[in-house]
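TrEMBL has this to say about the protein:
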type: BINDING; residues: CYS20, CYS23, CYS35, CYS39; note: Zn(2+) binding site
type: REGION; residues: 1-26; note: region 'Disordered'
Amino acid sequence: MSNQPTPSAKIEPLRKPRPCPECGHPSHREHYPFCSDRCRSLDLSRWLKGSYAIPVAEDESNPEDDGRF
Ligand SMILES: [Zn+2]
C-alpha cells in the first residue's frame, strides 16, 4: 500500500492565527503574538507594573500576642 507519492519538500502548515492577548484581534506577523506595537507595549507595561506591585502581606494577628501565657 505505497501508492502515496513521497513529498520532496515537507509542507509546513500555516501558523494558526493567534488572537492578540491584549485586545483579541488577529495577531500581526510583525508584532507576533500581538496585533500591533501598541498592544505589545501595553502588555509590557502591564507586566512591568505587575512586577513592581509587590503585594504586602500585612498580618494583623500577631502570633506572639496570643495571650495564652
Ligand atoms: Zn491587540
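Placement of Cβ uses the backbone N, Cα and C atoms for every residue, glycine included.
Just so you know, TrEMBL annotations never went through curation; they're auto-generated.
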How many other Cβ atoms sit within 10 Å of the Cβ of CYS35 (Zn(2+) binding site)?
21
Compute the centroid of the Cβ atoms of CYS20, CYS23, CYS35, CYS39, then list the same-chain residues not in that set whose Cβ lies within 8 Å of it, in sequence order, for the Zn(2+) site.
PRO19, PRO21, GLU22, GLY24, HIS25, SER27, HIS31, PHE34, SER36, ARG38
Give me the count of other Cβ atoms within 10 A of the Cβ belonging to CYS39 (Zn(2+) binding site).
20
Secondary-structure category, per DSSP, in which CYS39 (Zn(2+) binding site) falls:
helix
